[in-house]
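> Pasting the relevant annotations from Swiss-Prot:
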SIGNAL    1-22  signal peptide
CARBOHYD  70  N-linked glycosylation site
ACT_SITE  119  active site, proton donor
CARBOHYD  127  N-linked glycosylation site
CARBOHYD  175  N-linked glycosylation site
CARBOHYD  212  N-linked glycosylation site
CARBOHYD  356  N-linked glycosylation site
CARBOHYD  361  N-linked glycosylation site
CARBOHYD  459  N-linked glycosylation site
CARBOHYD  465  N-linked glycosylation site
LIPID     471  GPI-anchor amidated serine
């Protein structure tokens, strides 16, 4: 018995380690509100070509489900709002739906989530309290009957409008008018270990209030921080602030264990006249590139540092039949002919830079560098240097003893190298070289000897000290290697433990 306990304990520890090292996942939303899209089979080929492994669809279309068969792509399917009434009224209806519309394609098609309703609290035609939770329960019951309730998770997606307050994040609170719906929904999620699914769009905050919200702040490009006065936590982007507001709102209702999954986020490439300043290809490329890198490197949020999060980018294609402003039809990553609207690396491993050339704060180029200002005080330089090497996520290895940029061993020299690394990593924008006035842009390359000052457009492979560029990109690959090693250890442990148990039994 003691040996059996040790075996179980060892396996549990290994599984825990495996779970801890898994990184955040980036998926894409495959909406089909268009009359010019390629066939589902061609769409699947496109998705595979771009190494996309997680996809959300908004219904359970048979052609789409069949197309994803034998691909290993994890699929999130949806019960549309129009089906909620029927799903909430009859368990037999849901059992029949599962039998006829889902099970014929499972497990060949790797379905992992079912969303019951989409932003139903924003739909004037849906009574969320009457339909959503009962429909979720009926879907779960149907899954339990066929033994799939642990393999396919059930949830519903909501918008940020579910909050009555989102700033400061620590004051995040749910809208009391939804209390009758939220409590049973959250109890369902907690009991079944399902994620809280939210659609987040910092784009709208900037579009609707450009004079009060910084573009760099919503694009993950801000060199300054917004402080939460209640917690002292510092926020460099709006996405993290919105996610933490949700975590605090959940905590206020004593639902601390529920994980958050972002089922939609993105940025449009075109818009109506009122959206022209915000909606652009440059801004879309910058936002989506940065959110992907943010997720796969497990940065987490200030309130949940290092915590993995799954995020789905909206949307795969421009959808020409969507109603509303021009931007509604221009969120796509690809045109209907399957060419890219802009370049995007879904793995987050690319070392490339995506210059936000259309932004009002962007004037950087491959011929610009950022160095320490000769007018800056020692105190300001020291503070900016410490910040860049810490919260600023710059790899400062090159200025350590025996490294290429350690000499001359002066504060100005070290700060100059670090300032430039941060500047280039953050799209070489003017604000990325401010450092509270301690930084200044120059057009002459400050590189010397083997100390290479990188540029956004330069050849980074020749820079012997350009580790800051690759540190974030190497994290996912390092996690993959660690996962493989731990899995190998688990298999070896199981093999020898079973051998020992068999020999003792004999």
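Positions of Cβ are set from backbone N, Cα and C atoms, glycine also.
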> Residue 127 (N-linked glycosylation site) has how many other Cβ neighbours within 10 Å of its own Cβ?
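Taking all protein chains shown, residue 127 (N-linked glycosylation site) has 14 Cβ neighbours within 10 Å.
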> 70, 119, 175, 212: which of these recorded positions has the sparsest Cβ neighbourhood within 10 Å?
212
> I need the nearest neighbour of residue 212 (N-linked glycosylation site) among the recorded positions 70, 119, 175, using C-alpha distances.
175
> To the nearest whole angstrom, state the Cα distance for the pair residue 175 (N-linked glycosylation site) and residue 70 (N-linked glycosylation site).
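If we compare the Cα positions of residue 175 (N-linked glycosylation site) and residue 70 (N-linked glycosylation site), the gap is 43 Å.
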> What does the structure give for the C-alpha distance between the residue listed as 'active site, proton donor' and residue 127 (N-linked glycosylation site)? Integer Å is fine.
12
> Cα of residue 70 (N-linked glycosylation site) to Cα of residue 127 (N-linked glycosylation site): how many Å, rounded?
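Computed Cα spacing between residue 70 (N-linked glycosylation site) and residue 127 (N-linked glycosylation site) is 38 Å.
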